[in-house]
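Notes for the one structure printed next.
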Amino acid sequence: MAAAKLFLRPYCPSPPIPFHAKPFLSHPQLFTPSFSSGARSVGVASCAQTHAAVPYGPSLHKGANLYPSGEEQRNSIKDEEEGRHLFNEQSFTRVFDISALRVPSKDCFALENRLRGHLLNWPRVHNIARIPGDDVDPDILKLMGDPDNDDANFESLERRVYGKAEGDGEELGPILYRDKLVRTFNTRGFVNFRNLASITRPKKRKKKKENDGNGAKQKDWSVGRCEAAIVEVMEDEEGEGDNLRGLLGEGYKRSKWKGSTRLLLLDEQYANKGLEDLPEAIKVMFREYTTHSTSQNLELVACKLTLFYDYWSMNEILEVLLPKGMIVPSAFETVGHIAHLNLRDEHLPYKELVAKVVLDKNKPKIQTVVNKIDAINNDYRTMQLEILAGNRSLVTDVVENGLKFTVDLATVYWNSRLGSERQRLISGFTRNDVVCDVFCGVGPIAISAATIVKRVYANDLNPTAIEYLERNCVLNKLERKIKVFNMDGRRFIGSIFASEKAQSITQVVMNLPNDAAEYLDAFRGIYIDKEREDIRNLPTIHVYGFSKARDPEFDFHERIRIALSEVGVDVEMRRVRLVAPGKWMLCAKFTLPQSVAFSRNGRFHREEFES
Ligand SMILES: C[S@@+](CC[C@H](N)C(=O)[O-])C[C@H]1O[C@@H](n2cnc3c(N)ncnc32)[C@H](O)[C@@H]1O
């Protein structure tokens with residue numbers, strides 16, 4: 001038996017996207033039939049046996065596995081020194097028996113339409129397979145004339161190839177013309193005619209752009225190492241058509257070439273079936289082709305479809321790799337090129353393995369995979385991250401709402417999930433506003449506000465965050481609208497409202513949900529030195545907070561009221577998102593009460609504002 005390899009082009013050129021929770025397959029017995037080198041020995045009966053246990057379509061629990069199952073594989077390559085679990089990508093190769101119709105390529109789209117419902121229709125596997133070498137240049141086809149009349153064809157072709165076409169009245173193509181010249185010059189002794197090649201060689205086509213915008217290599221799904229699927233046609237080796245193999249390529253192994261053809265892959269249920277067992281639609285097609293007896297007939301061929309590691313989704317692979325019953329970590333956050341996992345304790349022994357799959361399945365966008373190792377509990381709200389796979393850089397570029405930010409996840413705070421909340425907040429600002437961002441981080445609120453408002457005063461305690469903020473202001477060409485401060489939030493509020501800038505400030509943003517409410521006392525007595533008549537507008541405060549209470553709005557309102565030492569404050573409250581089971585992030589919006597701004601009991605000892 002011989003196997004001609006065909007490369008399938010998947011429907012979608014992009015790599016599988018990280019998915020959200022989808023129903024996981026139950027763990028049927030992993031199927032590992034014995035497999036010998038002869039492709040026909042793929043256990044058909046065993047495949048059929050597993051069909052009942054797993055859903056329709058491709059699955060790692062179906063098909064023939066040439067390697068040990070995921071569990072055996074994982075255990076077999078445990079890194080002795082570091083105790084890490086590793087795996088072999090080849091253990092995810094699965095071979096499926098299928099049948100295909102070999103049809104004339106000119107008819108294949110029409111026939112594909114007629115056979116809808118009877119074709120394979122597996123995700124990312126194209127129902128139409130090409131046969132390398134089967135397609136012949138139309139010019140050569142013309143020369144070969146009627147494919148039924150072999151003698152005429154080859155005579156004509158040979159005349160053309162070996163330069164006997166002189167005097168035929170036919171014009172030689174550039175390559176043949178060059179060949180003819182080479183022969184001519186050789187016989188006359190001009191063996192070193194160096195420019196000959198450049199005179200007649202057809203111009204090279206420009207290489208398809210390999211890089212995406214970020215300079216990372218795109219996956220080539222159709223050929224090479226990244227191929228996801230291959231079809232092999234099972235055919236008899238003892239053909240008569242070996243004389244055409246040189247011309248049509250190694251892929252050509254048919255007894256008689258009858259023109260360019262395509263394979264229409266049939267539904268998995270028709271694997272290893274005879275024509276009599278195929279649906280009526282296919283039989284009718286066969287009859288039509290026989291009746292109209294053209295030189296190009298239909299053929300039913302047995303094929304092997306091989307799906308590789310690249311084919312399977314992240315979930316499918318992890319489900320096989322992780323111990324039975326373990327929840328598959330299916331979600332992660334992305335910050336620029338970094339995938340940020342939040343693994344449970346039970347996943348920790350397999351963290352490298354999970355990270356490798358996440359990286360492999362999300363390249364080239366993802367270049368680094370990290371896991372959060374501790375809850376955020378430091379002043380600068382930075383995360384403790386462990387790099388599990390990919391490159392070691394935690395400095396990355398993020399684009400949010402059309403603005404660019406550079407962040408270093410090791411030293412500053414960033415949360416991509418708050419992008420829409422920031423957008424919502426900023427949409428309430430106008431060009432007459434002057435904004436104070438008390439806990440600004442690297443500037444996602446301050447910088448987007450600066451695209452709308454008159455002026456922004458941005459402050460953060462973390463000096464590294466301030467460095468990145470300044471860099472991001474320049475990156476977005478907004479440095480002239482943003483004034484940057486690096487001090488404690490309470491001191492910042494006191495100082496800026498003591499300065500001559502105070503009256504211009506219309507909006508104050510306080511995004512430090514853990515304890516921003518407790519900083520509100522800094523507003524008590526901020527206008528103590530001013531006359532009430534001079535203050536026309538009091539600022540609107542937007543303060544964020546967490547609450548685990550049964551009534552989160554009431555709980556957060558109480559914290560605000562106590563910090564301001566007010567009996568009642570008119571607050572507009574909004575739930576932003578559930579950050580953990582039972583824990584809400586809220587945003588409270590209110591106008592600073594006059595009684596607070598002019599309070600004589602200001603706890604804060606104000607300093608002169610240093611600009
Ligand atoms: C939750 S982050 C929010 C940052 C930014 N608003 C954002 O959305 O990315 C809180 C920020 O407050 C800063 N911070 C913490 N304590 C502070 C304090 N006492 N004064 C000023 N900034 C503080 C941290 O460094 C951190 O950047």
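Just so it is clear, glycine is given a Cβ too, placed from its N, Cα and C backbone atoms.
Please treat TrEMBL annotations as automatic predictions, because they have not gone through curation.
Annotated S-adenosyl-L-methionine binding in TrEMBL involves R422, D460, L461, D488, G489 plus, out of the candidates N476, N511, N514, the residue N511.
With a 10 A radius on its CB, L461 (S-adenosyl-L-methionine binding site) counts 19 other CB atoms from all the protein chains. According to DSSP, R422 (S-adenosyl-L-methionine binding site) sits within a helical segment. Taking the Cβ of D488 (S-adenosyl-L-methionine binding site) as centre and 10 Å as the limit, one finds 15 other Cβ atoms among all the protein chains shown. Taking Cβ-Cβ distances under 8 Å and a sequence separation of 6 or more, the neighbours of G489 (S-adenosyl-L-methionine binding site) in its chain are V438, F439, N459, L461, M510, L512, A516, Y519, A522. The maximum pairwise C-alpha distance among R422, D460, L461, D488, G489, N511, the residues recorded as binding S-adenosyl-L-methionine, is 22 Å.
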